Amino acid sequence: MISEPFLKASPILTTLISNGYEGYFVGGCVRDLLLQKDIHDIDIATSATPNEVMHLFKKVIPVGIEHGTVIVRHGGESYEVTTYRQDGEYTDHRRPNDVRFVTNLAEDLRRRDFTINALAMDTSGQITDLFHGQDDLKKKLIRTVGNAEERFTEDALRILRAVRFSSQLGCTIQEDTLEAMFVIRKQIQHLAVERITIELTKLFQGQHVSKAIQYIIDLQLDEQLPIFQSGKSDIFKAMKENITPLHSFSEVIAVFHLLDPTIKIHDWIKNYKCSNHVKNDTIQLINAYHYYQSHGINNWLLYILPTKLWDGFIRLIYVIDRTTIERKQLEEITATLPIDKRSQLHLDGNDLMNWFPHRPKGKWIKILLEEVEYLVVSKQLPNEKKIIKEWVLCNQPDPN
């Protein structure tokens, strides 16, 4: 029996079929169903052309109509509906120069990357498996559909996808597929870096990331990646033995940087075209690590480290130092903090200006606020304005 996500999407297939077209669930959603994993995105393949799909459904978004894909909105969800197709020649290492729509499911499945993704399922749960993908799933084997070198030449990202699937699913990559990955590996350098970043993020999240890293080393894939092209491949070798799944690319960059501090954080961010969000989280993780190295876990560390980064920090310490930190320890310390943020401090810039009316504004205000903030957080000074004022007046700041 098919699961709830497929039942929700079934009316789309029913509409296609009742109007004389074919319609199937395809790809990763079918694979994940067989593996009893959570279903995220459901993709649909059909014999209907994009124009015919748009005619059948009221809410559609023609996101990739030139390649046969439209998004159908149904039940508050978005579903990619793609016309059966054959791909033309690939010259940009990503997309075919042209596509030819076909009416045969077999032709559509034949163009897909791996056998475990070349699966289709109808609304009754009947699976179409032309390339023994179910057998490969049982064997935990990653194998290309058809000629491996052709598949990787069409889109070199498939090389990284194969390694990513080994990390996520614990699969072994079939020998012929491995050989083709090695032969075509240099084409990875032609890929858009944003696509590489997405694959690496997913790869490092996998439960079998150590296995994936070994593939990267053995196939010399690291030498094709930004920054690593300059001979920094020892980073992967250094991280392999103690790696654990890393849940964000910020954690990945933090590990890379701490294993080789000669490469600046800015260079990682720039070369992998990361967002400011990733940049800020990376910097906070690295700063927290360095503080931890000097002071251990204390009030100030938990004050400056956002709760959302705790788990990433714990993973970082484990990978770099082989030290296990319990989240409960962080929770217990945080529960005793006198303040959670600076706005709770019983001192502000106006207080300091009032207490030192003859001093011009300057850096001394910021420095003094930070010093008092640290003393209060570390419980060396009560968060009481009267006592804080006495301390400030007894420790007059440098006016410069």
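Any Cβ shown, glycine's included, is placed from N, Cα and C.
Residues GLY28, ARG31, ASP155, ARG158, ARG161, ARG164 are recorded by Swiss-Prot as ATP binders, and the candidate that the same record lists for that site, out of ARG110, ARG112, is ARG112. Ranking the binding-site residues GLY28, ARG31, ARG112, ARG158 by Cα distance from ASP41 (Mg(2+) binding site) puts GLY28 first. Around ARG31 (ATP binding site), the same-chain residues at least 6 positions away in sequence with a Cβ under 8 Å from its Cβ are ILE116, ASN117, LEU119, GLY133, LEU137.
Cα spacing between ARG164 (ATP binding site) and ASP43 (Mg(2+) binding site): 20 Å, rounded to the nearest whole number. Sparsest Cβ environment among the binding-site residues ASP41, ASP43, ASP155 (other Cβ atoms counted within 10 Å): ASP41.
The two recorded residues, GLY28 (ATP binding site) and ASP43 (Mg(2+) binding site), have Cα atoms 8 Å apart. The separation of ASP43 (Mg(2+) binding site) from ARG161 (ATP binding site), Cα to Cα, is 18 Å. According to DSSP, ASP155 (ATP binding site) sits in a coil region rather than a helix or strand.
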